[in-house]
Every structure is written in C-alpha cells, then in structure tokens.
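Peer 1: Below you'll find the structure I mean.
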Amino acid sequence: MDIFANLWLGFTVAGTFYNLFYCLVGVFLGTAIGVLPGLGPVATIAMLLPITFGLPPESALIMLAGIYYGAQYGGSTTAILVNLPGEPSSVVTALDGYQMARQGHAGRALSTAAIGSFIAGTISTILIAVFAPALAAVALQFGPAEYFSLMALGLIASIVMASGPLLHALGMILVGLLLGMAGTDVNSAVPRYTFGMPLLSDGLDFVVIAMGVFGLGEIIANLEDEADRSVMTKRVTGLMPSKEDWKRIIAPILRGTALGSLLGILPGGGAALASFGSYSLEKKLAKHPEEFGKGAIEGVAGPESANNAGAQTSFIPMLTLGLPSNSVMALMIGAMIIQGIQPGPSVMTEQPTLFWGLIASMWIGNAMLLVLNLPLIGLWVRMIAIPYNFLFPIIIVFCAIGVFSVNNNAFDVYMMAIFGVVGYVFRKLDAEPAPMLLAFILGPMMEEFLRRALLFSKGDPSVLVTRPVSAGLLIVAAVLLVAVLLPSVRKGREKAFQEE
Amino acid sequence: MTQIRGQKDLGIGVIYLALGLAGFIIARDYSFGTSGRMGPGYFPTIISGLLILFGIIAMLRGLMREGQPIGSLNWKGMALITLSVCAFGYLLETAGVIVALLALILISAAASERFRFELRAALGLVAFIIVCAVVFIKGLGVPMPLIGEWFK
C-alpha cells in the first residue's frame, strides 16, 4: 500500500533529531500556553512565526502544529485543576473535571484527558493519512469557479462557529475581505487602499493583524476583570485510571474521536465545537446523566478526545485544499506562504516530505505529550499560579518584538497597536474577529479565482452555479446559512456559547 | 436623550457603514472594468457595497430591536496598552531596545489594577530585559540596536 510507504517517508522526516527537537519545543510550548488562561494558540503561533522564518519548512510547520495540539492538552489541565478553561475547547472539561479534582480524583481526570487525547490523536492521524490524498486528488480537478465557491463555503462555515449574532459575523467577513484588498493589485499593479504610504504597498501583514487582534485585543479584554485564581494545590495522586475507569471511558473516547474528527474537517469546525458536541452526546447516552456536572469521568473522556481529534483533522482541508478551517490554520497557511510554498492540493505531490513529515510528527507529538504531561504536572500547576499582571506585559513584549522582526520595521508595531484596539472594540460589540482573519487571508485568493472564473466565462457569473461541483459547494454554503438562521438551531448555538 | 435599545447592533452597524463607505469612495478611483475583465476596483466595490448594506441593516436592527448594552469600555487598558506599544516602536530605533522594553513593560503593566512597585518585580523586570536582549539580538539575530542614537 502506498500509504505505508508515505507514512514511512513521513516518519523518516519527522524522526530526524532536528525535527524531533522542534516537535518537542512545539508541544512543550503548546502545553504551556494551553495551561495559561488568556494566552491562546493563535497569539502564540503569530508571535513565533517570525522566529520560524529561518527554519526549514518541515521544522517550522512541525513546531507550529505542535503548539496547536499541545494547547489542547494544556487547556484541559487548567480546566481540571482551576475550573478555568485554558482554551475555549476545554470549557466543558471544566464542568466534570473540576468536580473530580474537588473530590480528590484530579489524577484520574488528568490521566483520562491525556489518554483520551492520545487515542484520539492516533486515530485522527491515521484518518488524515487515508483521506487527505483522496481529497487532494479531487481538489486537483478544481477550476477557479470551484475554488471561489469552496472559499465562499469556508467563510460561511467559519461564522457558524463564531459566537455573537450572525449579522455581525457576516460583516466581519466583509471587513476581512476589504482589509485583504490593501496593497498592490497583482493584475493591474494599481496600489489599493495604501493612502499613499509605500509601506502599505505590500498590503497589511497578517501577523500584524493576528497579533493585534488576538494578542493585544484579548489582553485589553482580560484586564477588564482580573479575577483571582485558586489552584487546587493538593498533591495530585493516583494517576492511573483503574480497570473500572477504563471500561467507562473507552466508549466515550471512541465516540468523541469520531465526532471530533468529523467536525474538525468541516470549515469553521475545529476543536471547540467538537468538545461541546461530545459532551452533550455523552450526557444523552449516559446511564446516569444526573452524574454529569458532578464529576462524571465520561464527561472528561469524551470532550477531551473530541477536541484533540478535531484539532488534528482540521489540518485536512488546510493541507489538501489550502483552505484554513480556523484561525490557527490560517496562520499555518501564512507560515507556508512565508516559506515560499503555495498552499493547495499540489503541496502533497510537490512537497511530500513536508506533507507526510507533518502528519507523522503529529503522532510523535501526541506520544510526547502523553509521556511529558503527567510527570510535568507539578510544573504546570506552578505556571497556572503566575498572576496575570506579571504575565501580560511579557506577552506584549513578545508580540512587539515578534511583529518588529517580520519586516524589521517600527511601522508594523504601530499597526499592531491599532489592531489591538480594533480587536477589543469588535469583541465588545459581539463581533468575533476570527472570521475576519480568515477572510483577510482568503480575500486576495478569492478575488483572483473570481477574476479567472469570469474571464473564462466571458463575464457570465452563472459559471459559479452551472458547474456542478461549484454549484454543490454554494448550495452547502446556502444551506448552512439558512440552518443557522433557523430558530431551533439558533437557540442551540446561543446556548452552546452561553456556557463559555 | 432616549435610551438606544440595541447598542451593540447600532455600534457595529456604524462601524460597518463607515468602513463600507470609505472603501466604496476610495474604490471609485480604481477602474471597475467589466465582469469578464475585472478591474482593480471590481471586487472592492462589491465588498464595500455589501458592507454598507450590512451596516445599514445592523443599525436599523439596533434602533428597532431590543439588544444588549455595550457596557463599560476599558479605556485605561486601551490607552495604556496602545501607548506602551507605540512607545516601544518609537523608542526602539531612537533610544535602543533596553529603554524601549523598559517603557513597554512599565506602561503596559500600569494597565493592571494590581500594578504597584515591588522589589521582586523590579528585579524580575531587569532580568527579563537582559534575557530578551540576549535571546532576540544575539540568539535570533533580530536587528535591534541595544543602545540607540540618542545616547551616542
């Protein structure tokens, strides 16, 4: 089978000392920022992007990917020990995990989360290896009309996941598209929205926007209410789950993996939605649903597996279609572009070492996390105890130096400051900035594909709906949009976000 | 003044409308082209037009429907964080990275309610700046002057 040869290639790439080292750095950093509430993978990856410029593309992406799925592990630690989700995807873990910790079962909860995540990571890595080539083969047949529709679908799907009113999220997409227009138009060489500033002729740097909106904007929001954190400082003991526990958690882990893998592939899906879905699924299926919220081990096993599976499979559309399904994937695409790789279906054939190396590294990274995480629990607990008022100036320092080093230019630093305020204000108005960042990255590509599609059809826009695949994608987008507007779905969506 | 019912909707509507109008007016300088041959103004004009539409809908919704109040804005945080980052940008090339980091950290830290002078924090600050200077300038080769023109 081809797939084994490919995976073998991947392991030879990911298994070199150099790449193992960057994988370890990635998962370690990822866990650390996952543990810390108020610092997410988006801001961290944006901060570290400039540092990866000098690395080979494989090592750069392996490290950045490690940060993302490492953060899923770390987030659960904080959720269980402090009842404070380190990441949005571990919100539901806090419900039962913290109760378990209060009853003295913190060790079992932590190990359940880690084991569930590892099993989910293993299965979803295999899924990526099986399905990604097939999807890439399909995508190679795509013309510009299909790509345009695919991106439109991606954008619509991203707002399904965004919290806040639908209208606000749709507007954020348009704002992102408009921001993406700034800079020199590739076809006519006309500078657009540069306000006569030569520094803007290359357009806005997405690192600047990401760090401003997700780094600084979030800090300003976090400073609004500086709550005290009380850590469960009791010694964490009894790490291994008992035989009885294994029986209880194995089914939720597998169900969570299946659900998470599925939701992760969908644009706009990813980890957070997966964990919410898995929690309600387990609660429905449980023999004793009344235990949920009071320390049910299933309520930790399912969502933790689901969020890790979702985090992994969200790489599929990014790697095969060049389509980011969430902000982290948008940053990964940016990292590829910086490395001189054109994202899309050709990555697999033209950069097989990168493609398979990254996939293999995910499994290695998950194994590292399993081994690393439990013995290092003491270190993570101490990290949670760092007060936010010491932490956030450090984050700002990394943001500022990171943004400066992109172009070695103070102008970018000022722009980041502006986007910090922009991100904060949008957040206050219930307009989530994630769809904006996606649209910003996709905008120039969408324009180019639309231009080409219309050029071939001699200006007839019906080409988007007469080609079957393109029409199908647009129909899915329309159905999604209508579905979100339906009262019953809307209520469920609002409820899911209220729990955050 | 009567109380506006949907403050968040109205607020975001105003922003969308303003951005859309600005985008639309500026895009009039770029040739629109035809559908078959999209000019540089084609896509931005459509986007801006939609943004204007969404802005108006959001504003109307904000005026007519019950919504949530915006709540108090963290003005102090916004001002100090912005100031600290801008100060860093300005001081980096003029006064050097040490002064710039000092300004960045002290100004931004003042945005916290718990900001006060502590010997341990001050020592940590000095240590952190040294680590940053070593890691970023020596280790990663970011071209930042240690001591800027002002002191030469």
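We number each residue from 1, going along the chain as drawn.
In case you wondered, yes, glycine gets a Cβ from its N, Cα and C as well.
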Peer 1: Which one of these stretches, A:60-82, A:405-427, shows up in TrEMBL as transmembrane segment?
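Peer 2: Based on what TrEMBL states, transmembrane segment spans A:60-82.
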Peer 1: Which residues, given as numbers and ranges, are at least 6 beyond the ends of the transmembrane segment (A:321-341) yet have a Cβ under 8 Å from it?
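Peer 2: Non-local partners: 41-42, 45-46, 49, 52-53, 57, 60-61, 64-65, 68, 135-136, 139, 150-151, 154, 157-158, 161, 206-207, 210, 214, 264-270, 314-315, 347, 351, 354, 434, 437-438, 441-442.
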Peer 1: Out of A:7-29, A:35-53, A:353-374, A:386-404, which stretch touches the transmembrane segment (A:118-140) the most, going by CB pairs under 8 Å?
Peer 2: A:353-374
Peer 1: For the transmembrane segment (A:152-183), name the stretch out of A:7-29, A:35-53, A:203-223, A:386-404, A:470-489 with the most CB-CB pairs under 8 Å.
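Peer 2: Out of the listed stretches, A:470-489 contacts the transmembrane segment (A:152-183) most.
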Peer 1: Please report, as numbers and ranges, the same-chain residues at least 6 past the borders of the transmembrane segment (A:470-489) whose CB is under 8 Å from any CB of it.
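Peer 2: That would be 143, 145-146, 148-150, 152-153, 156-157, 159-160, 166, 463-464.
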Peer 1: Who are the long-range neighbours of the transmembrane segment (A:35-53) in its own chain, taking Cβ under 8 Å and residues 6 or more past its ends?
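Peer 2: For the transmembrane segment (A:35-53), the nonlocal Cβ contacts are 29, 59-60, 63-64, 67-68, 71, 74-75, 77-78, 82, 84-88, 207, 210-211, 214-215, 218-219, 222, 229, 327-328, 331-332, 334-335, 338, 380, 383-384, 386, 388, 391-392, 395, 398-399, 402-403, 405-406.
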Peer 1: At a C-beta cut-off of under 8 Å, are there same-chain residues at least 6 beyond the transmembrane segment (A:7-29) that contact it? List them, or none.
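Peer 2: Same-chain residues near the transmembrane segment (A:7-29) but 6 or more away: 44, 48, 55, 58-60, 62-67, 69-70, 73, 129, 352-361, 364-365, 368-369, 372.
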